[in-house]
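Engineer: A single structure is presented below for examination.
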Amino acid sequence: MVEYSIDDALNVIGFGRLHYLIFFGCFTQQMFVSNEQFGISLVIVAASCDYYVDEHRMSWLMVATFAAQACSSHFMGYQADKIGRRKLMLIASMSCMTASFISSLMPEFWSFLVMRFIMGIFVPGPGMAVLTYLSEFTKFKLRPKVINFLYYAIGVSLMYMAAWAVLLLPLDIRVKIHKNYAITSWRILMWLQLVPGIVSCIIFTCTPESPKYYLSVGKPDKAYAVLEKCCRSSKGKDVTLKSLGIDSLRPPETYALETTKTGCARVWEETKPIFTPPILKPMMLITVTLFLLFATGFGLTVWIPRALKWGNDIHKELILCDMIDEAHAKNITFTESPCHLSMRTLHASIYLGACAILFSVLITVLFVWTHRKIILLLMASLSVAGGLMLNFVKIHELVIVGCVFLTVPALSSIRLALSVLIDAIPTHLRSKAVSLATMFGRVGVLVASMYVGYTLSWNCFVTFNMFVVFMTGVILLVSLLPFDGRTGSRTAL
């Protein structure tokens, strides 16, 4: 009897029709998650007059959303390792869509904030599980590249939301329901955020659970059956695993620990192995790296439409910080300025999405010549350069370029950094490790959101240059990651 490891079996099977279906499901799921995280930056500016949103309220909205994500992140990872990646994605994404839809109906800001907090509790589920689910169907050599392709969804999401905003917001739809309550363009825009999530849930009802998950919980027969299905979709319906010489699957070297503890004590007992060598070093390096990448990529990106809107209100070509300072000097606030985003700002959001896709294409091309670690260093360097640009460029288009170079390389590096962690962590700990790392990333978003909200009017130059310092820190941390010639930056276990 020939016994294969699951990674060797995936190498033999390749990448077939079922893999493409799973990829498309994960892609649309990632689009939905990105819509909820980035689309709100367009929605809330459009809703400023209805909800009276100033910078402080914007900060608290972002804090509420990402605080909820940080609080539930590890629990979602624990559940993904316990009940399965696919099941967790379906439950969490459906709950998230329900809460998001209800939030779109709220009549005033504080009830809206509460529902966005509830929505934020469920976002880490699909946000984390798409990575582990997709990676566990992908052969090792292709894994970083496939995860990079998954990142294209963020760029598509930015363009998707901005394109719908271009179509809907100028129409100024206002269907009166009761007294001052009305169905408006921005509420409809929030409903359109949900479409990719609905598509992904339909797809996931047709796909199997991760074979690596089945193997990690001691169900080799189910893992073999899933791989058999993958084999037939890749090689043809007449080809079986046995015909390829794969008679059985080798059990993993490590299993989930059996424990009699319950509740939080059980969660901690099953999480402790993550903080032991040889996992500890890559875990700590990637966790701190993600804190800085999330802060710059997510935490700053949601403020870009608001900052650019100031430029349109001032009608001058100034350094970004001079624009913002003049807006404050003239006492221009978001509840006092026009509530409609200008076409110039909406087009800038589309350009931001297009640039996110272009950076993903760049990473894909770079994989041909170099390794993951070098790419991460290059992306961080571009981000530093973009942040420095904002200190002296005055032309509006160059200000947009500086914002793009500061934020988009950081965004594009997040999935790549997580792929390092995925390769370094055993299957039964993988979701917990990814969720813990992204939890600290979301704490980075909390810190960045409060930091920007409360320092932008005090000293804008300090605000933006702190993110340059963050990305310089990323360069130092990535340089400490171990290097493996097979993929670049992999810790062998």
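Backbone N, Cα and C atoms are what each Cβ position is placed from, and that goes for glycine too.
Given the structure is predicted, the values throughout are model-derived calculations rather than measurements.
Feature list, courtesy of TrEMBL:
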type	residues	note
DOMAIN	18-486	domain 'Major facilitator superfamily (MFS) profile'
TRANSMEM	58-76	transmembrane segment
TRANSMEM	88-106	transmembrane segment
TRANSMEM	112-134	transmembrane segment
TRANSMEM	146-168	transmembrane segment
TRANSMEM	188-206	transmembrane segment
TRANSMEM	283-304	transmembrane segment
TRANSMEM	350-369	transmembrane segment
TRANSMEM	374-393	transmembrane segment
TRANSMEM	399-422	transmembrane segment
TRANSMEM	434-456	transmembrane segment
TRANSMEM	462-483	transmembrane segment
Engineer: Can you work out which residues elsewhere in the same chain, 6+ from the ends of the transmembrane segment (399-422), have a Cβ less than 8 Å from its Cβ atoms?
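Structural biologist: Tertiary neighbours of the transmembrane segment (399-422) are 131-132, 135, 143-144, 147-148, 150-151, 154, 282-283, 286, 289-290, 292-294, 296-298, 300-301, 304, 307-308, 311, 319-320, 323, 348, 351-352, 355-356, 359-360, 363, 372, 375-376, 379-380, 382-383, 385-387, 389-390, 393, 430, 433-434, 437-438, 441, 464, 467-468, 471, 474, 478, 481, 489-491.
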Engineer: Flag the pair the transmembrane segment (434-456) / the transmembrane segment (462-483) as in contact if three or more Cβ pairs fall under 8 Å (sequence separation 6 or more).
Structural biologist: yes
Engineer: Please report, as numbers and ranges, the same-chain residues at least 6 past the borders of the transmembrane segment (146-168) whose CB is under 8 Å from any CB of it.
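Structural biologist: Counting only partners 6 or more residues beyond its ends, the transmembrane segment (146-168) has Cβ contacts under 8 Å with 23, 26-28, 30-31, 34-35, 38-39, 42, 46, 130-131, 134-135, 138, 185-186, 188-189, 192-193, 196, 341, 343, 346-347, 349-350, 352-360, 363-364, 367, 411-412, 414-416, 418-419, 422.
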